[in-house]
Amino acid sequence: MTPGSPSPGSSMPESTAHREDGAVPGQRHPHHRARQEGGCWALSVRGLPWAIPAKSDPLRLDVKYPVAKPIVEANSTTVTEHEDTVVLKCLTNDTGVAISWFFNGQSLLLTERMELSQDNGTLTIEPVRREDAGHYQCEASHLGNSSKSDPLRLDVKYPVAKPIVEANSTTVTEHEDTVVLKCLTNDTGVAISWFFNGQSLLLTERMELSQDNGTLTIEPVRREDAGHYQCEASHLGNSSKSDPLRLDVKYPVAKPIVEANSTTVTEHEDTVVLKCLTNDTGVAISWFFNGQSLLLTERMELSQDNGTLTIEPVRREDAGHYQCEASHLGNSSKSDPLRLDVKCK
């Protein structure tokens, strides 16, 4: 009999497979594998009275399975910069999966204000900043199978800085020039709106806004476009409006007309009212007497816009030729003379 071999009539050694974690496997067909049978297995050999019981090294069995779609949950989805803490959790019913995070479609790069839990399932941002605003996703993966959550949008409220309106030119020529107005702001993610002379801007067919509303183009410019432009930047209920920027539009000034209530009046009795009539708006009116700039006397009065000249009472020295001139941004036009005759009483 060979040393170490079993003696005649002795029983053969038994071998038993068991999980290293102590779990008892169920009776299953060898081709039927379930994910709960995955793990580390060992083989024990006993039954040799002359042998020392021995156990094999563990053999790990991994079971692949489809990974369910996880869900990202937040303690709040609208938070205030420098004040709030954000806690994002990746919720999944699967066990043994690896969790990774994505921000705006890219792998999340952790900053010094971000912290992951030991299992990567919880992401904490403290304190939150405006650059943290965006879409967050988590991905659960296991043995080559993975599933990514739907994006969760995080909004961060912050004070909006005062924007500035900038123009390619603030004095332009009607029907010739194009005006480009830009709303400049250092804040990102803000909504831009425009105002004209204090009211919300009503776009015309000659106006065009860029996709982000940050640039307003007027082509060609017209005289009715002259005025004060402002832009407003707003974000989650906070807003700030720029100072007004004045746009001047140059155009040819039409010839005005001088009209009088009477061109033949009586000294010391009558009152003369002269009006400068023009279809142009925004023009400056000045008056001339006998070809020279009119020197007002104590009997003369101009209306607030200079468009009406009143002489009360009229005197013989007021007789002569009157003209008015309309001017605008360097362009001007003077009326034909109107003759005033003063009769002696």
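Glycine residues also receive a Cβ, built from the backbone N, Cα and C atoms like all the rest.
Remember, TrEMBL labels are computer predictions, not curated facts.
Record features, source TrEMBL:
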type	residues	note
COMPBIAS	1-15	compositional bias 'Low complexity'
DOMAIN	66-155	domain 'Ig-like'
DOMAIN	159-248	domain 'Ig-like'
DOMAIN	252-341	domain 'Ig-like'
REGION	1-36	region 'Disordered'
Q) By DSSP, what is the split of the domain 'Ig-like' (159-248) into helix, strand and coil residues? A) 3 helix, 45 strand, 42 coil
Q. Over the domain 'Ig-like' (252-341), what is the model's mean pLDDT?
A. 97
Q. Under the DSSP assignment, what numbers of helix, strand and coil residues are found in the domain 'Ig-like' (66-155)?
A. 3 helix, 45 strand, 42 coil
Q. Per DSSP, how many helix, strand and coil residues does the domain 'Ig-like' (252-341) have?
A. 3 helix, 45 strand, 42 coil
